[in-house]
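Residues or ranges marked as compositional bias 'Basic and acidic residues' by TrEMBL: 216-230. Per TrEMBL, region 'Disordered' is recorded for 209-236. Sequence annotations record features per position, and here TrEMBL assigns transmembrane segment to 37-57, 69-88, 108-125, 132-157, 169-189, 266-287, 307-331, 352-371, 377-398, 410-429.
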Amino acid sequence: MVKICVLFQVFEAPLPNSLFAIKQGLKMYIIEDKGGAIALMLASLLFLGTWPAVLTLLERRGRLPQHTYLDYSITNLLAAVLIALTIGQLGESKPSMPNFFTQLSQDNWPSVLFAMAGGVVLSIGNLSTQYAWAYVGLSVTEVISSSMVVVIGTTLNYFLDNRINRADILFPGVACFLVAVILGSAVHASNATDNEEKLNVSTNSYKLGTSGSVEPSKEVTEKDANKDLENGASPNKYATKAEAGTAEYLIELEERRSIKVFGSSTFIGLGIVFFSGVCFSLFSPAFNLATNDQWHTLKEGVPHLVVYTAFFYFSISCFVIGVGLNILFLYRPMAGVPKSSFKAYLNDWEGRQWALLAGFLCGFGNGFQFMGGQAAGYAAADAVQALPLVSTFWGILLFGEYRKSSRKTYILLGFMLFMFVVAVAVLMASSGHRSTK
């Protein structure tokens, strides 16, 4: 059972005195056992696997990615503030474990900078994957980036955590992720071949390019020239909705979405994915250094940052980078996305509630991952990088990925998901225990 040290004493005294006694009896919410850490990691896995599907849905409906990410950034920061002001502020501050407000005034800037550096790389990674989902697809993007986190980030965390995780279990789990990544690449290749065959026999006004990509015909290009630059969507819509998995469905999707990918090079999407994977690999080790000070950068007597304070600074830098870059992208867009303006963003309410929800899911997902990692070790907490399990589920359910694919694709997909399940179980079994005393 989770050891939540919340102690209440009932006094036969006036209400104000009783409330003061309760306040004095409260202690900060700290996960102290393996079971509680694993529960948080499972919740984090669900949240971090769901928010990419929400943003992908908005992009496929034609909402500009700049507008979506600005909304997402607001609630992502708000989640960190809520965690800091509630869980991080419970109870009386103690010298070894000060509460949130106490730590704001302490001389802990080396740790703060590590936390903020983690927020910077995470924000850049998240921003990159928003475009990678369009070019490569939700499932494959998450598989590749997660594998890089496991291979690079989990290995770094293992040594930073003074090897509190069981290496004989941890690294076989890393190997399981690598096998799943190979299978995921095979799934993508097989599904791409299936889509190419569908488009080859399509009678619509699209043709295959010389590199195997799909390119619009001259008539479709001219028709799409009058797109609305404010919302990124073309006013020309198909009269009927095609069945998922058909060539017509793929063509309708390209017409509707905000990031146009037909005719683009495969290497562009893969390059974005690998860049985001490197960013994701570094944010967890940076947060680990912020909360545990393995490099002894703090002055003697200065307590380590508690996870809630570190997460607050982490989210501040994530917010600043995300908002700053996307305001720039409003006027200087990338990847062929239409220009917009800050006024257009403020007036764009279509899908805003979903973007705000995605920010909450990501914020609380990251917070839960860090809380679990503080107790069980950040290497084991990286088991949430099996989030492609969740993302693939949403990709199949919401977007019809792999619909009407070949038998080979389905077999590879099944083996990939099985290996991810094994990888999650093995990495969680490697959890150690970090003393909070």
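All positions are counted from 1 along the displayed chain.
Note: Cβ is positioned from N, Cα and C throughout, glycine not excepted.
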With CB pairs under 8 Å as the measure, which of the listed stretches 69-88, 266-287, 307-331 comes out on top against the transmembrane segment (108-125)? 307-331
To the transmembrane segment (132-157), which of 37-57, 69-88, 169-189, 266-287, 410-429 is linked by the most Cβ pairs under 8 Å? 266-287
Counting only pairs at least 6 apart in sequence, do the transmembrane segment (69-88) and the transmembrane segment (410-429) share 3+ Cβ pairs under 8 Å? no
Top partner of the transmembrane segment (410-429) among 37-57, 169-189, 352-371 - counted as Cβ pairs under 8 Å: 169-189
Sequence-distant contacts of the transmembrane segment (352-371), meaning Cβ under 8 Å and at least 6 residues beyond its ends, amount to 31, 37, 40-41, 43-48, 50-51, 54-55, 57-58, 63, 67-69, 71-80, 83, 122, 126, 284, 287, 291, 307, 310-311, 314-315, 381, 384
At a C-beta cut-off of under 8 Å, are there same-chain residues at least 6 beyond the transmembrane segment (169-189) that contact it? List them, or none. 136-137, 139-140, 143-144, 146-147, 150-151, 154-155, 158, 379-380, 383, 385-386, 388, 402, 409, 412-413, 415-416, 419-420, 422-423, 426-427, 429-430
